[in-house]
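Colleague: Have a look at this one.
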Amino acid sequence: MTSSGPIALFDSGEGGLTVLRQLLQRMPGEQFIYGADSGHFPYGEKSLQQVRDWFLAFLDFFIAQGARAVVIACNTATAAALQEAAARSPVPVIGVVEPAAERAAAISRNGSVGVLSTEATHRSGLYRSRLQAIRPQLTVISKPCPILVVMAENGQIDGVNVEDAVRACVEPVMDTGVDTIILGCTHFPHMRQVFNRVVDNRAAIVDPGEEIADRLMPLGFPKHGQTTRVKAWTTGNLERFLWVAERLCPGIPLEAHALHWKDGRVRDA
């Protein structure tokens with residue numbers, strides 16, 4: 001593992017920016033790169049096999065960029081690819097599910113945890129299996145909320161329509177008696193203020209992005225001074241990626257470039 005390369009983050013689109021924002025706040029001296037497979041968005045509708053193949057191609061790309069660690073800042077890609085990626089990668093690969101599951105299992109008082117996610121993450125059952133591996137008696141209520149993913153990717157993170165959609169996802173889960181909710185898609189923390197209003201202190205909210213820095217910091221990465229920019233790539237429309245990123249996370253210093261798929265690999269334009 002190189003001691004001076006960047007930390008890479010991956011998502012299907014703009015959701016992983018919530019994790020990047022947390023890392024910039026917690027690890028301001030580090031250098032980061034970001035890859036968005038926006039051309040295949042949304043991952044939640046795809047098969048886990050497809051998502052696995054796409055992420056592994058990005059993993060190869062990140063390693064070629066000199067990354068010294070890779071964060072899968074996407075719950076669906078974590079469910080699909082973490083095990084194989086960790087086995088084949090020469091650098092640490094960290095997913096978002098395990099840190100969130102550990103946090104939720106630790107703080108739930110009544111032993112009932114809700115998970116809001118994409119369809120693919122819901123189908124994978126990964127959160128349920130990890131939560132119950134940590135705390136076997138936990139009750140896990142899982143609900144897919146694909147409309148929220150699309151809204152966030154379109155830059156819609158507040159307002160009446162967003163609040164109505166969040167409420168429609170949250171209330172059926174709250175009605176089961178959960179005291180902890182995991183935001184099991186990295187797009188959802190873009191709507192954190194709306195979630196806070198809707199949940200209204202009836203349950204603790206776990207944001208996986210808040211837990212990731214705790215996994216990276218013990219690895220002892222050296223500081224590089226001030227983070228001046230984050231080099232990013234997208235397989236989707238470059239102008240749209242930057243426009244949405246500025247709406248969702250204003251102030252993140254992104255230098256974005258286009259990527260293209262060719263023969264199952266991602267290539268710099």
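Just so it is clear, glycine is given a Cβ too, placed from its N, Cα and C backbone atoms.
All annotation found in TrEMBL is predicted automatically rather than curated by experts.
Got these off TrEMBL a minute ago, pasting:
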ACT_SITE  C74  active site, proton donor/acceptor
ACT_SITE  C185  active site, proton donor/acceptor
BINDING   D11, S12, Y43, G44, N75, T76, T186, H187  substrate binding site
Colleague: Please report the distance from the Cα of N75 (substrate binding site) to the Cα of C185 (active site, proton donor/acceptor), rounded to the nearest angstrom.
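Modeller: So the alpha carbons of N75 (substrate binding site) and C185 (active site, proton donor/acceptor) sit roughly 6 Å from each other.
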Colleague: Under DSSP, is T76 (substrate binding site) part of a helix or a strand, or is it coil?
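Modeller: In three-state terms, T76 (substrate binding site) counts as helix.
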Colleague: For a quick check of understanding: given the listed substrate-binding residues D11, S12, Y43, G44, N75, T76, T186, H187, what is the maximum Cα-Cα distance in angstrom, as an integer?
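Modeller: Result: 12 Å between the two most distant Cα atoms.
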Colleague: Neighbours of the substrate site D11, S12, Y43, G44, N75, T76, T186, H187: Cβ within 8 Å of the Cβ centroid, same chain, sequence order.
Modeller: G13, G15, G16, P42, C74, A77, T118, T121, V149, C185
Colleague: Any same-chain residues 6+ apart from C74 (active site, proton donor/acceptor) with CB under 8 Å of its CB? Would you list them in sequence order, or say none?
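Modeller: C74 (active site, proton donor/acceptor) has long-range Cβ partners F10, D11, S12, G15, G16, Y43, F55, V96, T186.
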Colleague: May I ask you to report the DSSP-based helix, strand or coil state of H187 (substrate binding site)?
Modeller: coil
Colleague: Given C185 (active site, proton donor/acceptor) and T76 (substrate binding site), what distance in Å do their CA atoms have, once rounded to a whole number?
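Modeller: The Cα atom of C185 (active site, proton donor/acceptor) is 8 Å away from the Cα atom of T76 (substrate binding site).
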Colleague: Among all the protein chains here, how many other CB atoms are within 10 A of the CB of T76 (substrate binding site)?
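Modeller: Taking all protein chains shown, T76 (substrate binding site) has 33 Cβ neighbours within 10 Å.
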Colleague: Output, ordered by sequence, the same-chain residues six or more apart from G44 (substrate binding site) with a CB under 8 Å from its CB, or 'none'.
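Modeller: Correct list: T76, S117, T118, E119, A120, T121, P144, P146, V149, C185.
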